[in-house]
Amino acid sequence: FSFRKLWAFTGPGFLMSIAYLDPGNIESDLQSGAVAGFKLLWVLMLATIIGLLLQRLAARLGVVTGLHLAEVCNRQYQKFPRIILWLMVELAIIGSDMQEVIGSAIAINLLSVGKIPLWGGVLITIADTFVFLFLDKYGLRKLEAFFGFLITIMALTFGYEYITVKPNQKKLLQGLFIPYCKDCGTPQLEQAVGIVGAVIMPHNMYLHSALVKSRQVNRADKREVREANKYFFIESCIALFVSFIINIFVVTVFAEAFFNKTNADVNQVCANSSSPHSTLFPNNNETLEVDIYKGGVVLGCYFGPAALYIWAIGILAAGQSSTMTGTYSGQFVMEGFLNLRWSRFARVLLTRSIAVTPTLFVAIFQDVEHLTGMNDFLNVLMSLQLPFALIPVLTFTSLPSVMHDFA
């Protein structure tokens, strides 16, 4: 084992792990904490472990064959199934990108104290395309370093919320290691399914299989291939462990502070703290429902304005980083399935336009306070698209003949 070699292979796993920290994940985390307390932490842990195993298979495919998953699909499948697979993956990318762009827009709205509307935030996030192109121009290592910086911001901001709220450590450990959900009903079951849909992203397998190609590996040397697979796996373990800890921060903060709270409880606290958002919560005894926007408001009411702004900075970092990985995924998928050799600028502009257009319509015609339903729908969409990524990955990595043909 060599730390120098590990450092040389470090990068693709952290870019891949961004999908485990996008705004859709964060919203699923806070809702599961508010709805089920600490009881669904074991679902989050199992989903992350399964995600790690699938990412390992995708990375191995890229290392052994020298082709990413979309390119292998293009060579192995007939035209009709290939087009169906491409359309399903594009749908997953668009759904994921909608969550990410909306998340960034909500963060900008919170940071500007409501002065920048949702549609304005969406337009601002379109600038991600140019940031991506600017950074990519200076090499992949610079881009990887920037993503590392954004992950650090998320760890610090959500870690601050965790330290401020001080969740019960005993309940945290019980939730992680006891796979049981006492007194759980339909809402808790829905959240459990939502966690799986939010964590395991179908297009992320296409992304990871392409990112590992950025490292030079002599595929004729079996020892070098095994070594590359080993270091990529170690890096993926580290990256997903970091993302898992950040997700735990979010779940436990809302589990400790807002589980079993009513609208009336929050309304009273917000009114006492002179929050301009107290009207968000009707004065009734219905169970509190939170999303990314309301979650930030509630944290601000209970723990002061600093908690709100730090929360918004974390969400902005999550949204900005994940929109760029979504753009990367779109490029690899379009290039692999359709064998298109466009300029990078043209490909980025097209994939970003496909995702941003429906998001902009949602932002214009939907109120920032009522977006939870859309996020739930998109998480379900991710779950439905999952088989269209799982089947190719499991097929190609379990058939030695396929791996041998390309190797």
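Residue numbers in this text run from 1 along the chain shown.
Glycine too: its Cβ is placed from the backbone N, Cα and C atoms.
Any TrEMBL annotation is an automated prediction that lacks curation.
TrEMBL annotations:
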- 31-54: transmembrane segment (TRANSMEM)
- 84-110: transmembrane segment (TRANSMEM)
- 116-134: transmembrane segment (TRANSMEM)
- 146-163: transmembrane segment (TRANSMEM)
- 192-211: transmembrane segment (TRANSMEM)
- 232-255: transmembrane segment (TRANSMEM)
- 297-318: transmembrane segment (TRANSMEM)
- 345-365: transmembrane segment (TRANSMEM)
- 377-399: transmembrane segment (TRANSMEM)
Dominant neighbour of the transmembrane segment (31-54) in 84-110, 232-255, 297-318, by Cβ pairs under 8 Å: 232-255
Long-range neighbours of the transmembrane segment (192-211), counting only residues six or more past its ends (CB under 8 A): 11-13, 15-16, 19-20, 22, 24-25, 27-29, 31-32, 36, 40, 43-44, 47-48, 50-51, 54-55, 57-59, 61-62, 68-70, 88-89, 92-93, 96, 181, 236, 325-326, 328-329, 332-333, 336, 376, 379-383, 385-386, 388-390, 393
The transmembrane segment (84-110) versus listed stretches 146-163, 232-255, 297-318: most Cβ pairs under 8 Å: 297-318
Distant-in-sequence neighbours of the transmembrane segment (232-255), which means Cβ under 8 A and at least six residues beyond its ends: 6, 9-14, 16-17, 20-21, 25-26, 29-34, 36-38, 40-41, 44-45, 48, 51-52, 55-56, 59-60, 63, 151, 154-155, 158-159, 161-162, 165, 167, 171-172, 175, 208, 212, 290, 295, 299
